[in-house]
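K.L.:
After the structure tokens below, expect a handful of questions from me.
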Amino acid sequence: MSKARVYADVNVLRPKEYWDYEALTVQWGEQDDYEVVRKVGRGKYSEVFEGINVNNNEKCIIKILKPVKKKKIKREIKILQNLCGGPNIVKLLDIVRDQHSKTPSLIFEYVNNTDFKVLYPTLTDYDIRYYIYELLKALDYCHSQGIMHRDVKPHNVMIDHELRKLRLIDWGLAEFYHPGKEYNVRVASRYFKGPELLVDLQDYDYSLDMWSLGCMFAGMIFRKEPFFYGHDNHDQLVKIAKVLGTEALNAYLNKYHIELDPQLEALVGRHSRKPWSKFINADNQHLVSPEAVDFLDKLLRYDHQDRLTAREAMAHPYFLQVRAAENSRARPQ
């Protein structure tokens, strides 16, 4: 059995009410308090709008959920309630439903996001360090509360660059971590899926989020979005193997007694490890430092138990400047 290196027993030690989302009784608010202003996005499970709270004229985000199992909606709500107030976690303000259709909507705090395809190419070396550090705060917090996000990707990281404010959003795939539990591997978005999902290892843990973060980080520093560009789940593992090599992949599979299905094994083939230096070019060299590469290398590991935890990641030398700036703000001279 594989078990998380950190925060493994959070839900074992908490009362059942904390993680038993199926028992949740939803307190419905008043739908008429909110009006839709404009559509800002859509996902597989929802449509998202900028809205306004008509009582105080404050902007908000309205996430109208598509017909999905009640259980899944309860899970998302319970997780958002448990995490509310945590660093850089999007705040759930209200839950309402349509009187007639019974369609539920989640009301969130407003974030003036710039699309990552526009924002990321403009970010400086320091900006990337700053925002990844802010994202790590959210991940360490949710992990410390016994929750895996399971869908970390640029689309789910809202950044208001003017205010230098980051929020981790879309907790629809998030789940409570219970040691030894076997989870669905059909989570996360293809380019950000950890090897554990691609080889069908079900007793994964928080470290899945650290792989996704690594993919996101690689895309940012190498200006290659997405970094691992697979055309389907099998091809996704092939793309990873062409960078990390097949020797380390086989060591991983052997350690956890995993057999690849023969078709996938044939597709993966044999590849040597590609050094990170091969991804450096004139366009991205100003973002790639030895510390950045060392940090990336400690995230993008096949073996989920070898990856940095969010807390360990925050202590990495790559964030030295960010930590120094934070400390001087906390203790003004």
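Any Cβ shown, glycine's included, is placed from N, Cα and C.
The following feature annotations were taken from Swiss-Prot:
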- Asp151: active site, proton acceptor (ACT_SITE)
- Val40, Gly41, Arg42, Gly43, Lys44, Tyr45, Ser46, Glu47, Val48, Lys63: ATP binding site (BINDING)
- 34-319: domain 'Protein kinase' (DOMAIN)
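Are these features on the surface or tucked inside, and what touches them?
P.N.:
Other Cβ atoms within 10 Å of the Cβ of Asp151 (active site, proton acceptor) number 23 in total over all chains.
Note on Arg42 (ATP binding site): other Cβ atoms within 10 Å of its Cβ, all shown chains, come to 13. According to DSSP, Arg42 (ATP binding site) sits within a strand segment.
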K.L.:
Under 8 Å between C-beta atoms and at least six apart in sequence, can you list the same-chain neighbours of Lys44 (ATP binding site), or say none if there are none?
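P.N.:
Set apart from Lys44 (ATP binding site) by at least 6 residues yet with Cβ under 8 Å, we have Lys66.
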K.L.:
How long is the line from the C-alpha of Arg42 (ATP binding site) to the C-alpha of Asp151 (active site, proton acceptor), rounded to the nearest angstrom?
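P.N.:
That comes out at 15 Å between the alpha carbons.
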K.L.:
Near the ATP site, what residues other than Val40, Gly41, Arg42, Gly43, Lys44, Tyr45, Ser46, Glu47, Val48, Lys63 in the same chain have a C-beta no further than 8 Å from the centroid of the listed C-beta atoms?
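P.N.:
Here the non-site neighbours turn out to be Ile64.
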